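**Student:** What Swiss-Prot shows for this protein is this:
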TRANSMEM  1-21  transmembrane segment
TRANSMEM  62-82  transmembrane segment
TRANSMEM  83-103  transmembrane segment
TRANSMEM  129-149  transmembrane segment
TRANSMEM  164-184  transmembrane segment
SITE      R178  site 'Important for ion transport'
BINDING   K186, K679  substrate binding site
BINDING   D189, D193  Mg(2+) 1 binding site
BINDING   N216, D219, D436  Mg(2+) 2 binding site
SITE      D223  site 'Important for ion transport'
SITE      D230  site 'Important for ion transport'
TRANSMEM  231-251  transmembrane segment
TRANSMEM  263-283  transmembrane segment
TRANSMEM  300-320  transmembrane segment
TRANSMEM  393-413  transmembrane segment
TRANSMEM  414-434  transmembrane segment
SITE      K466  site 'Determinant of potassium independence'
TRANSMEM  585-605  transmembrane segment
BINDING   D646, D672, D676  Ca(2+) binding site
SITE      D680  site 'Important for ion transport'
TRANSMEM  685-705  transmembrane segment
SITE      K691  site 'Important for ion transport'
Amino acid sequence: MTALWVIVLCGALSIVYAIWATSSVLAADQGNARMQEIAGAVREGAQAYLKRQYMTIAIVGVVIFALLAYFLGILVAIGFAIGAILSGAAGFIGMNVSVRANVRTAQAATTSLAGGLELAFKAGAITGLLVAGLALLGVTLYFIYLIHFAGLQANSRTVVDALVALGFGASLISIFARLGGGIFTKGADVGGDLVGKVEAGIPEDDPRNPATIADNVGDNVGDCAGMAADLFETYAVTAVATMVLAAIFFGSATPDQLQSVMTLPLAIGGICILTSIAGTFFVKLGASQSIMGALYKGLIATGVLSLVGVGVVIHQLIGFGPLPGVSYTGLALFECGIVGLAVTGLIIWITEYYTGTDFRPVKSIAQASVTGHGTNVIQGLAISMESTALPAIVIIAGILITYSLAGLFGIAIATTTMLALAGMIVALDAFGPVTDNAGGIAEMAGLPKEVRKSTDALDAVGNTTKAVTKGYAIGSAGLGALVLFAAYNEDLKFFIAQKSPYFVGVAPDFSLNNPYVVVGLLFGGLLPYLFGAMGMTAVGRAAGAIVEEVRRQFREKPGIMKGTDKPDYGKAVDLLTKAAIKEMIIPSLLPVLSPIFVYFAIYAIAGGGAAGKSAAFSAVGAMLLGVIVTGLFVAISMTSGGGAWDNAKKYIEDGHHGGKGSDAHKAAVTGDTVGDPYKDTAGPAVNPMIKITNIVALLLLAILAH
């Protein structure tokens, strides 16, 4: 029991760090009146959007809460509410810091690059540590409540279902935040670029463009609030799925041993919060003035400290010796943890290779832009497809090594360790929107060239960190979903062995010569494509509306271009808020309803009865794998491809192939316009979609068993 309270203490420390860092960020200078005015507009827009988004989610949430309470009892419904509320809180607080840090970063950059870096990173670290801390506290405190105050057995079904529902609550927020935020940010970006850069020939973040404020609002709601919700969900879901597997695999152990093994994923999360906090103090500009180097110092320090920490935790909780009822040792689990950290490092490195301006892929797209728009798009698509190969091979190796060391539980521990670094990784990601906004504010407020140089350098790195963290989010989501699939499979076996009334006579057959399995695989495989298509279409529609609006303002107020009239920024923000909220509902329900639809459709087609149930459970299981396989590739190709397109444009803007305004630059802007919704809307939203499908299947089992 003491172990659980120590974990709570670790979670509480992350909140203490966040409070300390927030006060230090808010104490910084906010710059001149013009800068504060711009930042105020961005802040207002972001808050208005989030308020509306959360109200929409709340309506859906109340319905689901009532359904869960009816089918699975109030404890499970409360778990769902905890997951949703905490996930929403992490994104909301993080974004509120981010929209206050942007102007302070721009001001700090007027004195030194190091000052700007320190402020922007600190703002990011607040979001990062809140994500890890609140996710850990939510799962741990509810687990403590269930086993100590509600008096339930650690592996009882109510505990398992309540924790799965907590993951589902986080998932629901994350798919809405990712999709809605993505539609908003890219509608503004693409629409603003098409009229501003291409038609009117004005630079990015020019105050004359009516869509600029909306674009800066979008960075915060998409990359800060959206990413926070996404990784909060993966963190919570993986911890829960690992606990579910522990409850099943170690069912024969003594209650104390069982509790120790079930606490293990939480303890790994706890120690890694401490290592992430320590890691933030390593982020300092060195003699080389490399910003990416400074950030990587923090990441590497966190990784090395985590390696030691995870070893200590496993040794203290379960020892390195043999474990009860299974064939592997505690040492093997530690080795799986090492593999998890290695996979994290490799995926980050590979993503940087595909999206950084120093490497072949981005340079090849820039080179292709010289010959025109078509060749830019062709090369970009080629890179987006190529970028899936190496991450997939790394994930394959990770699965094979950990499975040979400690079976399915080994894969789960590796994934847990990978996710335990989420605090540091989200910090790198949330650094992005702060620097992006700082650059926008510096441009709009007309700050001197040398300040723009500093903010541009920070922003370029921010773009890379955003891409890199997306790679990590997808890899961990794929592995997390695999752990959830294992939980589905083991849960199914458990209910059949327990002879639950509904499961009598059920014998699922996952062999590939079962046509229902093939049908399930194909159905699961189509979901990420359909979902991605809905996301891309939504951005296209939103961008179209913005193009019309910006053209209207230029037409009706000719003084805008001369600088005598002020554009109406609020109109674009309002238009996008409505569009994003409307467009996010239907795609978000796709992964929630699919498993239920497949189950009952196949059950009816296969003739009902025990045979129908067997066919339906096999089809749903296969569907989950189908979603994981294609989802992983769709998400990686979209995020890496989109990131490469974006940075190819930046590479040309840095003075290669004719620089800004050249024909190559115009072609690169086209590529970037395609890459934007790829990397910031459809790609990242596939993550939560993969996990929701798996979680709904787990809850479906629980509901049928009741």
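Backbone N, Cα and C atoms are what each Cβ position is placed from, and that goes for glycine too.
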**Student:** Residue list, the transmembrane segment (129-149) vs rest of chain: Cβ under 8 Å, 6 or more residues beyond ends.
**Tutor:** 1, 4-5, 7-8, 10-15, 17-18, 21, 75, 78-79, 82-83, 86-87, 89-90, 93-94, 158-159, 162-163, 166, 170, 228, 231-232, 235-236, 239-240, 243, 259, 262, 266, 269-270, 272-273, 276-277, 420, 422-423, 426-427
**Student:** Sort out for me which stretch, of 164-184, 231-251, 263-283, 300-320, 585-605, has the most Cβ pairs below 8 angstroms to the transmembrane segment (62-82).
**Tutor:** 164-184
**Student:** For the transmembrane segment (164-184), give me same-chain residues lying six or more residues beyond its boundaries with a C-beta closer than 8 angstroms to one of its C-beta atoms, as numbers and ranges.
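**Tutor:** Residues 49, 53, 56-57, 60-61, 64, 68, 72, 76-77, 79-88, 91, 135, 138-139, 142, 214, 217-218, 221-223, 225-226, 228-230, 232-233, 236-237, 240-241, 244, 535, 538-539, 542, 576-577, 579-581, 583-584, 587-588, 591-592, 677, 680-682, 684-685, 687-689, 691-692, 695-696, 698-699, 702 contact the transmembrane segment (164-184) from elsewhere in the chain.
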**Student:** Given pairs 6 or more apart, does the transmembrane segment (414-434) have at least three Cβ pairs under 8 Å with the transmembrane segment (685-705)?
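**Tutor:** They do not touch: fewer than three Cβ pairs between the two stretches lie under 8 Å.
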**Student:** At the level of the C-alpha atoms, what whole-angstrom distance separates D193 (Mg(2+) 1 binding site) and K466 (site 'Determinant of potassium independence')?
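**Tutor:** Given the Cα positions, D193 (Mg(2+) 1 binding site) is 20 Å from K466 (site 'Determinant of potassium independence').
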**Student:** What recorded positions among R178, D223, K466, K679, K691 are found with a C-alpha within 10 angstroms of that of D189 (Mg(2+) 1 binding site)?
**Tutor:** none
**Student:** In whole Å, how far is D676 (Ca(2+) binding site) from D219 (Mg(2+) 2 binding site) when you measure between their Cα atoms?
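**Tutor:** For D219 (Mg(2+) 2 binding site) versus D676 (Ca(2+) binding site), the Cα atoms are 12 Å apart.
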**Student:** Out of the recorded positions N216, D230, D680, K691, give me the one sitting nearest to D646 (Ca(2+) binding site) by CA distance.
**Tutor:** D680
**Student:** Under a criterion of three or more Cβ pairs within a distance under 8 Å and sequence separation of at least 6, are the transmembrane segment (685-705) and the transmembrane segment (263-283) in contact?
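**Tutor:** Since fewer than 3 Cβ pairs under 8 Å link them, the transmembrane segment (685-705) and the transmembrane segment (263-283) do not come into contact.
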**Student:** In the same chain, which residue numbers or ranges, 6 or more beyond the ends of the transmembrane segment (300-320), come under 8 angstroms Cβ to Cβ?
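**Tutor:** Here the qualifying positions are 3, 257, 260-261, 263-264, 267-268, 270-272, 274-276, 278-279, 282, 329-331, 333-334, 337-338, 341, 344-345, 417, 420-421, 424.
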**Student:** Validating a neighbour-count step here. Other CB atoms within 10 A of the CB of D646 (Ca(2+) binding site): how many?
**Tutor:** 28
**Student:** Determine which residues of the same chain, besides N216, D219, D436, have their CB within 8 A of the center of the CB atoms at the recorded Mg(2+) 2 site, and list them by sequence.
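**Tutor:** Neighbours within 8 Å of the Cβ centroid, excluding N216, D219, D436: V42, N102, T185, D215, V217, G218, N220, D223, P433, N437, G439, G440.
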**Student:** Within this structure, do the transmembrane segment (1-21) and the transmembrane segment (231-251) have 3 or more Cβ pairs under 8 angstroms, counting pairs 6 or more apart in sequence?
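**Tutor:** Contact absent: fewer than 3 Cβ pairs fall under 8 Å.
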**Student:** Looking at the recorded positions N216, D436, D680, whose Cα is closest in space to that of D223 (site 'Important for ion transport')?
**Tutor:** D680
**Student:** What are the other residues, in sequence order, whose C-beta lies within 8 angstroms of the center of the C-beta atoms of D646, D672, D676 at the Ca(2+) site?
**Tutor:** D189, G642, W645, K649, G671, T673, V674, G675, K679
